[in-house]
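Only one structure is covered here, and it is reproduced in the block below.
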Amino acid sequence: MEFRVHLQADNEQKIFQNQMKPEPEASYLINQRRSANYKPNIWKNDFLDQSLISKYDGDEYRKLSEKLIEEVKIYISAETMDLVAKLELIDSVRKLGLANLFEKEIKEALDSIAAIESDNLGTRDDLYGTALHFKILRQHGYKVSQDIFGRFMDEKGTLENHHFAHLKGMLELFEASNLGFEGEDILDEAKASLTLALRDSGHICYPDSNLSRDVVHSLELPSHRRVQWFDVKWQINAYEKDICRVNATLLELAKLNFNVVQAQLQKNLREASRWWANLGIADNLKFARDRLVECFACAVGVAFEPEHSSFRICLTKVINLVLIIDDVYDIYGSEEELKHFTNAVDRWDSRETEQLPECMKMCFQVLYNTTCEIAREIEEENGWNQVLPQLTKVWADFCKALLVEAEWYNKSHIPTLEEYLRNGCISSSVSVLLVHSFFSITHEGTKEMADFLHKNEDLLYNISLIVRLNNDLGTSAAEQERGDSPSSIVCYMREVNASEETARKNIKGMIDNAWKKVNGKCFTTNQVPFLSSFMNNATNMARVAHSLYKDGDGFGDQEKGPRTHILSLLFQPLVN
């Protein structure tokens, strides 16, 4: 179907303005409407207007950054540096949020390292060096076997006891073990034993307080599951304190780059904020979450690089719509209304909304207009054809999954865990986000590109599973209190007659298994140029879920933790 067929006339494209008021509803229906009691938005427009201004958005700082980049390139390309020092430098560059600036130099260095036989690396009997070597190569898509750790294991396949005395090597192997694939038993065993050993190490007095700090940070969440940009400030502060290996030029560049990128993000947030304010939807859907800034922070977590500005704004819009529609289904709509709304999205036809309350009509109209606009921009910028049907399909699937959950709620039905996850992975909205991501950052070219999403449904499923299960771990308590439809935790507890503690442990195990499958897919394809950005975005969506729901509901309660984190990420520059 031609894209233009889907576009309404200009007068039909106009978004409802702020002054639009919902038509009165019957009092009996108003009384049936639920409320999640979400708190008002804390990020006021006046605050955003005053705060989103940075002195680092200027040529002076960009020129200084370019000068420092050239100096660091020399360090990375130095042929006289020993292997472990080179690997540590590459590791630091990544942790400091600078890897995108040195892709060519890092690849050349790792190509040389990967060509060396493992027995000739000089790290044969060095657990730390071996683990660092394994981690860096696997992160960058090189083939490296878990068998290189065999020499550190006893006849039972567990880490030899004397290695537990070396905290630095233990920590690096723990981090490396989180990059494991399915069936890599050595890494599984190492992760299990090291998790316990590193926790116990907190009771021992180590002279290196920096190392003890790193242990606590990794046990809280391994670096592979952290959103890189969310962690950059912490890593810069940690690197600055590591006087044994700090590189002054690299540190200066890391601080400057953070501030320059933050200035770009602030410009993006201003643009997204204007879009959101002009819609006026927050004023008319009082029951729904007004979380523009949090949505933007999630988009930053998926792709922070300056060249992805338009994609970040696109993704912010999509995440906002996901939240609003989720609240329509969870809180506001009756079952009959939700069926009409689902039909409207499925048929992409506003006539299906004629019997709906004005606020639900408005919600559909915003979805319609925004999706058509995004499809047009993708077609113009990336050369794709027929994007709109792809986008409307994932929105329809999302709404159908939400409708199933609404029906479960109305019938007080608790599904089996398998039934719940089959639907819940769709209602997680990951497919919506990933399909928008795919078309936004890739370009039409080969048949392989066009078939990629279909051939990699397992990747989409496992990313969705990680997001869904993290969501349930963080929001289950609040949802049970509100009486929402059941989560995976409730389904598991009922299915096997387990305690909540046991259910949560099982859910975390499912997340671990899903990560192994994601690793197996991503680390074997991320050297393919046209896929590496998309693969990185896909795994970042899973990482955002870990961050968002680590301490509860990152969307529901802005004050509980997200506020401080967002202030640091988007508003507070680093002091040089």
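Cβ coordinates come from backbone N, Cα and C, glycine included.
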(2E,6E)-farnesyl diphosphate site partner of Asp326, Asp330, Arg468, Asn471 (as recorded in Swiss-Prot), chosen from Arg289, Arg376, Arg504: Arg289
Nearest-integer angstrom distance between the alpha carbons (Cα) of Arg289 ((2E,6E)-farnesyl diphosphate binding site) and Thr475 (Mg(2+) 3 binding site): 15
Annotated (2E,6E)-farnesyl diphosphate contacts Arg289, Asp326, Asp330, Arg468, Asn471, maximal Cα-Cα distance (Å, integer): 19
Other CB atoms, at most 10 A from the CB of Arg289 ((2E,6E)-farnesyl diphosphate binding site): 23
Secondary structure tally of the motif 'DDXXD motif' (326-330) (DSSP, helix then strand then coil): 5 helix, 0 strand, 0 coil
Which binding-site residues sit within 10 Å of Thr475 (Mg(2+) 3 binding site) - Cα, from Asp326, Asp330, Ser487: Ser487
Rounded Cα-Cα span from Ser487 (K(+) binding site) to Asn471 ((2E,6E)-farnesyl diphosphate binding site), Å: 9
Structural state of Ser487 (K(+) binding site), classified by DSSP into three states: coil
Euclidean distance between Cα atoms of Asp330 ((2E,6E)-farnesyl diphosphate binding site) and Ser487 (K(+) binding site), Å: 13
